[in-house]
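Trainee: When I checked Swiss-Prot for this same protein, it listed these features:
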type: ACT_SITE; residues: 378; note: active site, nucleophile
type: ACT_SITE; residues: 514; note: active site
type: ACT_SITE; residues: 516; note: active site
type: BINDING; residues: 13, 146, 147, 148, 186, 187, 188, 189, 190, 191, 222; note: CTP binding site
type: BINDING; residues: 13, 186, 187, 188, 189, 190, 191, 222; note: UTP binding site
type: BINDING; residues: 14, 15, 16, 17, 18, 19, 71; note: ATP binding site
type: BINDING; residues: 71, 139; note: Mg(2+) binding site
type: BINDING; residues: 351, 379, 380, 381, 382, 402, 469; note: L-glutamine binding site
type: DOMAIN; residues: 290-541; note: domain 'Glutamine amidotransferase type-1'
type: REGION; residues: 1-265; note: region 'Amidoligase domain'
């Protein structure tokens, strides 16, 4: 039967619960166990799909099309399996389902309450996500003490009682602030955080204590005494040089052993040689490259979390230190392209809305005209098509209908609207073959033989994840191709453009999908590996 590890956080947010949970998941997986992971978010939004990246960070897309919290990305990068929409849910989804049940009369006229109706729905969803796993790690978003988290904490308390101590553990992540003036670590915030947790009926079995410096044994004893946690279960999580050191750090303090002993699981010792290889490659590069990421959310780099990690993975695969320069595309509009002129490669990521778009187009034009390696993703591909149409294909008014609904040259348009070769608007409703207005999740793409993309992937048909409403307009493809833009990949039905490249450019590649969502530190991703290699080659030939 599935065992449960409930992961909570205290003192402050952004301590790294997701990394800690994912690291423990990877340790248990390395012991031969089947692991499932679940993130429960206490916000009332149904999902993060409509939330500003500057508030929430990245929206991670699963293969089955769920728009989820960025922690799902950590889970997939650390645990070698794809998760689904069952592995992430929010307060909004729970309330939506309970209210829908009430409207149908499922509660037989009873008063609908947080307990038991909301908590029962939460427990039901936890069990669905855990189905078939040996161990399920369940992360509660937010911080203990937040009013929004209370229904989730009550639900995991109940579930812990229902399955019993032999099948449930509680792991609490806290901060131990170091006061430089006093020269000591303060344990009081952790004591109060655990006290808050115990007041609602949850006694932590494991404490993960984040700190800047190693804990003394006396400090561990003090924490154990005041929190009623075994001393051996007080785990010190230091600031790591790379997040991929964390599994080894936690393993050396016996975290996975605590779990297997508690659950009476007879499992082999974890082999972490693959993690050691990753860390060794990342911390001991043989060369370096400078890559400009030109976007509109650069004030919060969490908005590009998977993309940043994918570039790091490309560096790991090629023994290259990837130095990412975050360039605000609006600054390029105001100040010119001076900040990207000495870069070894340029990347324009996905995004929505017109703000900063002309800066992205300027960066793309610079990359194209100066033979700088370029990778465009989602909006980065659409703007590459717009730039090429304007400056090469003789279509100076080219634009996307997302950004200029009245454009006379819509080289990029909503999936449900197309301009044919005669300039006539073709409209399809959401029930037509092209689907709805948002294309989400894994889709197959057929690559053209002899193209750079085909060479990079080494496969005729690939599967990548999408999140977009707009596509390259088929009505302009003949003119774009005649000017030198190569359509190197299409959806398997041939209707939608998936990848483009410029044949007479050393390395100019763009894709409609998001390859960063399938990159992992141990296996990397062929597109990011090739991009980093191209940046390194450009550096060698120009500097």
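The backbone N, Cα and C atoms fix where each Cβ goes, glycine too.
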Trainee: When you look at 13, 186, 187, 188, 189, 190, 191, 222, which the record names as binding UTP, what is the longest CA to CA distance in angstrom?
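Mentor: About 24 Å separates the two most distant Cα atoms.
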Trainee: Hey, how far is residue 16 (ATP binding site) from residue 222 (CTP binding site), Cα to Cα, in Å?
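Mentor: Cα of residue 16 (ATP binding site) to Cα of residue 222 (CTP binding site) measures 23 Å after rounding.
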Trainee: Most Cβ neighbours within 10 Å: which of the binding-site residues 13, 190, 382 is it?
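Mentor: That would be 382, with the highest Cβ count within 10 Å.
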Trainee: Within 10 Å of each Cβ, count the other Cβ atoms, then let me know which of the binding-site residues 15, 147 comes out lowest.
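Mentor: So among 15, 147, the binding-site residues given, the one with the fewest Cβ atoms within 10 Å is 147.
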Trainee: Could you state the whole-number distance in Å separating the C-alpha atoms of residue 17 (ATP binding site) and residue 186 (CTP binding site)?
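Mentor: Each residue's Cα considered, residue 17 (ATP binding site) and residue 186 (CTP binding site) end up 20 Å apart.
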Trainee: How big is the Cα-to-Cα gap, in Å, between residue 186 (CTP binding site) and residue 15 (ATP binding site)?
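Mentor: Here the two Cα atoms are 16 Å apart.
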Trainee: Please give the maximum pairwise Cα distance, in Å and rounded to a whole number, for the ATP-binding set 14, 15, 16, 17, 18, 19, 71.
Mentor: 12
Trainee: Here are the binding-site residues: 16, 18, 189, 380. Which has the lowest count of other Cβ atoms within 10 Å?
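Mentor: Taking 16, 18, 189, 380 as the binding-site residues, the minimal 10 Å Cβ count falls on 189.
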Trainee: Between residue 382 (L-glutamine binding site) and residue 514 (active site), find the distance joining the two CA atoms and give it rounded to the nearest Å.
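Mentor: Residue 382 (L-glutamine binding site) and residue 514 (active site) have their Cα atoms 13 Å apart.
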